[in-house]
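Quick one: the structure is below, and I'll ask about it shortly.
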Amino acid sequence: MSRAPTTLARAFSARRNESYRHCLKEDRKAAKPLCPDTVTSSFDAALQQDENDTSTPTESTISRSDTAGSEEVIDAAYNDKEYEKQKERTSNPSPQFSRNETEEKITTLKGHVRRISDKDGENKVDAELKQSDAGRIELKTKDAVSSFSKDDSAARRRRTRTNIPKRKEFHDLVFEPRMTALDRTNPKSAESPFLGFYSLFWLSLALLVVKTLAQNYHITGHFLGSQLHATFTQDIFAVFWVDLLMVASSSFCLVLHKLVQYGLVDWDREGWIVQHVWQTIYLFGAIGVTWARDWPWIQTVFLVLHALVMLMKQYSYSTHNGYLSSVLKHKQAQEAELRVLREGTGARRGSADSGVEINTPAQQNGDGNTSQEEQHEQELELLADIEGCEEELTGPVYGKIKYPANVTLPNFLDYLLVPSLVYEIEYPRTERIRWPYVLEKSAATFGCFFLMVMISEHYVLPVIPPADMPVQDKLANLPWVLLDIIFPFITLYLLTFYLIFECVLNVFAELSCMADRYFYSTWWNSVSWDEFARDWNKPVHNFLLRHVYHSSISNMKLSKKRATLLTFFLSSCIHELVMACITRKIRFYLLGFQMLQLPLITMSRSRWFREWKVAGNVFFWFGLFTGPSFLCLLYVLL
């Protein structure tokens, strides 16, 4: 009779003996919602590896140091889809393995004979898995037969999943030290085979600047125009004070969670309602100021975008700390239940020592041993539950801060400075601030801004038809105007991306010692629009992933497709709101074009695009070239 291969033994031993804390850490590393299934996945992987292993096994054993005798019960290794099927069958009074599931499990485990050791590791017995007629998977040994049914495994999984607090609104994100792809200090960037093209891009822009300045001086006698300069400086001090007031008022969520901490407000009851009402007032108050002051589009887009950033920060801060307050209350309730359980056990032990007999219902039925075992199992479950709560309440990086110690003004100000829209108690940090790096990125910020102003003033604004031109003439000139601005507009698009995600966010990351700077991925290699949406703006993508997509699945019980549609629609509405504030027009052009990406995503997943990725990338870049330019003209001309 053969034995269980070594990889199976290691996975099975890990499943039985590793602590619950390790399971939680593995869940965080895998960026999965909180659940104790990490070792189950490794167990399934070990079985798959064993099936592929054609080598002849040698004698090996699976030893257990915490169990006496040969009795052993093995949990069925369900995957997530099987677990969902099991939940649908819970109404069946006597569920059994279906024929296909039985054949799959028996085929997977067939031939794996396990040698199980007792506590001393001396008396070895043979064991094998088999299904009984009653629909139970049995582990037969020479000494005893231990079995489990689908109900048993599912019940244990449901108990673990429900007792341990899991994130209903949050999808765990892993923050780790990372650098942006275009950062000069990134070793991978220095080794890139396309480094020369990156240098060529900036050299071309530098020559364009020299050419434009020389021509402008030759024609007008001045190096720069004055049209955009006058627009920038209009009401600049009022914009500064309004923005400062907007940042200061965001501390409302800190005050709210202080009240939650002291028990004056219940987050699950009225706290979240107060937060949502405040956020609505906050957003439309900022938009109302821009409309009332009639600011130009530059001041408007700055204030509205900053208001949206602060709004997302407040929402993430409030919902995350609100969730932690619920976990803390759950932990305190479990600790109280554990104290009551232990006091009851101590009372029974004291009565036995004093000779006074106290009979529990189980003991009255002659089942005292079972009662003690159930109490011991319940105590272990409570301890695991409390440990899971402690893991959630503690900072995920260094473990130095634990809720509610994070609800402080310094922590909140630090969060406002950190370039992340998703709140965590702790972030990975760098050791010090590199002031030369801050100076370099600050200079790059002003340099990019100067390039954008110059290109807009000399290559975009002159070719846009005046507002008083008849509509028919505008439509007749539309194709020619589009051809004139397509190249300067894509240049502005790339410079805007570089200004925000490479310069500004890196400055704030360096000042806050934020080590995770994964602000974007290689979106320029995208072969579909959904890949572009995930890669080009990681902070917003992470926010939508945690607080919209996963929240709608867990709270609103939406399917993945409907949650994706809802996330896309919400993002499109926010973009349309920004355009409405800038142009003072409600046209829904941007909303329609963004929702049009959904059929384009479906088309990009076709077999032709999957097999020929160059075509997908060309299709993506063609849309990026023409789409923003065409939308800009639609809002300006119509």
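The chain as shown is numbered from 1 upward.
For all residues, glycine too, the Cβ spot is worked out from N, Cα and C.
For reference, TrEMBL lists these features for the protein:
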REGION    42-124  region 'Disordered'
COMPBIAS  54-68  compositional bias 'Polar residues'
COMPBIAS  78-90  compositional bias 'Basic and acidic residues'
COMPBIAS  115-124  compositional bias 'Basic and acidic residues'
TRANSMEM  194-214  transmembrane segment
TRANSMEM  236-260  transmembrane segment
TRANSMEM  272-291  transmembrane segment
TRANSMEM  297-315  transmembrane segment
REGION    345-377  region 'Disordered'
COMPBIAS  360-371  compositional bias 'Polar residues'
TRANSMEM  442-460  transmembrane segment
TRANSMEM  480-501  transmembrane segment
ACT_SITE  HIS575  active site
TRANSMEM  586-602  transmembrane segment
TRANSMEM  614-637  transmembrane segment
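Would you situate these features in the structure and describe their surroundings?
Within its own chain, the transmembrane segment (194-214) has Cβ neighbours under 8 Å at 182, 223-224, 451, 454-455, 458, 491, counting only residues six or more beyond its boundaries.
Remote same-chain partners of the transmembrane segment (236-260), defined as residues 6 or more beyond its termini with a Cβ less than 8 Å from a stretch Cβ, comprise 266-267, 271, 274-275, 278, 282, 286, 289, 293, 295, 299, 302-303, 306-307, 310, 313-314, 317-318, 321-322, 325, 407, 409, 412, 416.
Packing against the transmembrane segment (272-291) from elsewhere in the chain are residues 242, 246, 249-250, 252-253, 256, 265, 299-300, 303-304, 307-308, 310-311, 314-315, 318-319, 322, 577, 581, 584: each is 6 or more residues past its ends and has a CB under 8 Å from a CB in it.
Long-range neighbours of the transmembrane segment (297-315) within the same chain, counting only residues 6 or more positions beyond its ends whose Cβ lies under 8 Å from a Cβ of the stretch, are 228, 231-232, 234-236, 239, 242-243, 246-247, 250, 252-253, 275, 279, 282-283, 286-287, 289-290, 415-416, 421, 423, 540, 543, 547, 574, 577-578, 581-583.
Same-chain residues lying 6+ beyond the ends of the transmembrane segment (442-460) with a Cβ under 8 Å from its Cβ atoms: 205, 208-209, 212-213, 216, 224-225, 227-228, 232, 485, 488-489, 491-492, 495-496, 498-499, 502-504, 507.
With a cut-off of 8 Å between Cβ atoms, the residues of this chain six or more beyond the transmembrane segment (614-637) that come close are 464-465, 474-475, 478, 481-482, 485-486, 489-490, 493, 525-529, 532, 579, 582-583, 585, 587, 589-590, 593, 600, 604, 608.
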In sequence order, which residues at least six apart in the same chain have a CB under 8 Å from the CB of HIS575 (active site)?
LEU590, LEU591, GLN594
For the transmembrane segment (480-501), what are the same-chain contacts with Cβ under 8 Å, counting residues 6+ beyond its ends?
180, 182, 205, 445, 448-449, 451-452, 455-456, 459-460, 463-465, 519-520, 536-537, 624-626, 628-630, 632-633
